[in-house]
Structures are given as C-alpha cells and as structure tokens.
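Scroll down for the structure; my scribbles are underneath it.
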Amino acid sequence: MASNTRLLAFCCLFLAFLLSSSAQAQDCNSETFSSNKLYSTCTSLSDLASTIHWAYHSTNGTVDVAYRITQSSSNWVSWAINPTSTGMVGADAFLAYHDSAGTVQIITCQLTSYGITITNESLAFTVYEMSTDYSSGAYTIYATLQLPNNSTTQNTVWQAGSEFSNGIPSGHPNTGTGAQNINLNFLSGQSASTGSGSSRLHRLNTHGVLCAISWGVLLPLGVIIARYMKVFKSMDPAWFYLHIICQCSGYILGVAGWGLGLKLGSESKGITYHSHRNIGITLFSFATLQVFALLLRPHKTNKYRFYWNIYHYAVGYSVILLSIINIFKGFDILEPEKKWKHAYIGIIATLGGLAVLLEAATWAIVLRRRSEEKSHHGANGTNGYGERPQQFA
C-alpha cells in the first residue's frame, strides 16, 4: 500500500504541474509596443485575432488604450466605443489604414447610421492623443481618451474590412460578419460578450467553478470519507483509496484553478484582491504539503506516526477552512447570480450536516464496540483500530 500511495502522490504533483503551467500560458500579456508603451491590463478578443490593452487612470477618468489586430496592410481596421448601444451604429470610432502612398493613417468618425460616408471628424468624447502603426502584419491603434459619461463600463466594438471609397475606409468585409463587441469594465478588467467577444469573463467563471468544486467540495468530501468510513471494518481499505481519489482530484483541479487565477491576476496588474490572492497562495502551499505528506507517511506501527497524524490533521483542516473562506471571497469579487452562491451554501450545509450525523453514528459504533471488547477481552483489549478509534490514515 505504501508504494501505491507514493505513486498516487507523484501523479497528483505531476498532473497538477502540467495543468497549472497550461493555465498560465501567455497570450495578450506577452505583447510589446512601440516606444516601450506599458499597459496594466489586457484581454484577448476571440474574434478577428485581436487584443486590447489598457491602463485606467481613476484620478481623471481617462484611459490609455492599445488595440491590436492582425490584418493585411491592404485592409482597414476599426476600434470604437458605443455609449448608447452594442453595435457599430452610434459608436465613436478610430479607423486605421494605409493610404495610396503606403503610409499608415488614423482618423476618427461618429458612425451615426449604416451606409454613411466616413469622414474625419471629432468624437463625442475627448481624445487627448491618438496614433497608429503597422508592424509584423498587425495594426495597433493607440489612444488616450476621456471615458464617456465618466463611466468605467463601456460597450467596445471592433471591425476590419477591405473596401475603400476615395481612399477612405468604406463598408464591412465580404465575409458576412458584422462588428464584434464586448461590454468592458476598464476599472475591474471584467468583460462580458454582447455578441461573440472576449473570453475573459468565461475564464473568470472557469476559475471560480474549478476552485469551488476542488477546494470547496472534493477536499471536504475526502475528509468526511477518511474520518467516518474507516470506522466500518467492511470499508477497509476501500475508504483509503476513496479518500486519496477525492484529495488528488481536488488538488489537481484546484491547482488548475489556482494557475488560472494567477494568469488572470497577471493580466490585471493594476487590480489586486490582496486577501483573496494571499489566501489562495497559502491554500496552494498547504495543499502541496499534504500531497508531499503522502510520500513521507510512516507505517501505523512507526513511533513517528502519531506526530505525522497531528501534522496531517492540522494542515488538512486548515486547507478546508481556508478553502471555504476564499470561495466566499471569490463570490464577492465575481458577483455572479445569487443562485450560485446559494447553491454552494447548500452543498456546504449538506456536507456539514452529514458530518454531524456521521460523527454521532460512528462514535456510537466505536463506544459499543469498545464495550463489547471489554466484556470479552478485558479492559486492555483493542478494537483492531488501536486505542485512538478516530485515527486518520
């Protein structure tokens, strides 16, 4: 059993490392810009091979934006903010393109309706700076602007095309695709698709689901199995393997969620949820110690087993407590629909109630078993589980 336990622990660590590395894979955060421009937050847009980077300045309500899109130099590209709707109509747009001399140009235009003639005009909000460049097959639009209505949440729109009229962009591409758009919060970094836009909100939700299932459900379930099923002789050694399966599965999924959380944090350098981050790092460290504890688990007859048990219990219960606390902090940050928080509360309450019932039932079994053994074997008899009937694996 000892060799199998060490093999399982090694597999847990190896798989967790792979998932964590995958979750932290770089995308928009690896991009660089001319003149060493820096931005605190970015998100990869799922359409038209584009990304958006920004730095929000809360002191004056302005934002520095860099929108990058891979396109042929013969095409035009556009990025816009629409203060009133979700599409191109009503949007205040920046358009970048190459003129007949091959020089990259940038203009602004208010898109008041479909089919309008594009002209270079002022936008409805203040633009302090704007520029563009074309490099390595991609346009980048740079702008510093005042957010409309002093609101950090804006409908952002982007598009590309190949049609021109008198050297000025005109119309959409001949692919049947319309403008792509997301609702973007320039303060928190969260975005929600209003068509088929960013995946950031999806990744935030994935992070939350992975962490809630792993740290918040599988690990407590594994503890319940270890504490109570072992009392039933018919469950030995099945309880041990069920315990290991729950804990290793929870650890692997939890590290994947933790790695994704680090990735999301690296994309939002100006926004840090300190307590959520610090608890998450502590939680990962304690959980990793628990996995390593399997590799160092002494035999039941070893004189150090008592101290190993104390370490195992203390770290294990700390992980459960920190997990639940951090999951609720995550709910406060992500602010999903209340039904999800209520569902998790229901799950935790169910597991807690089950633990209370099993605690009473198993102690009744243990006390009855002790009484029977004393009557048959005397006060020094044992019950097959040692004098500490609730000892964990």
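All residue numbers here begin at 1 and follow the chain in the order shown.
Here the Cβ of each residue, glycine as well, is placed from N, Cα and C on the backbone.
Annotated features in TrEMBL:
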BINDING   His207, His243, His276, His312  heme b binding site
DOMAIN    48-161  domain 'DOMON'
DOMAIN    171-367  domain 'Cytochrome b561'
SIGNAL    1-25  signal peptide
TRANSMEM  207-226  transmembrane segment
TRANSMEM  238-259  transmembrane segment
TRANSMEM  279-298  transmembrane segment
TRANSMEM  310-331  transmembrane segment
TRANSMEM  343-367  transmembrane segment
Do you know the mean pLDDT across the domain 'Cytochrome b561' (171-367)?
82
Touch test for the transmembrane segment (310-331) and the transmembrane segment (207-226), at least 3 Cβ pairs under 8 Å:
yes
Lowest local Cβ density among His243, His276, which the record lists as binding-site residues, within 10 Å:
His276
If you count the C-beta atoms lying within 10 Å of each candidate's C-beta, which of the binding-site residues His207, His312 ends up with the smallest number?
His312
Would you work out the biggest C-alpha to C-alpha distance among His207, His243, His276, His312, the residues that bind heme b according to the record, and give it in angstrom as a whole number?
27
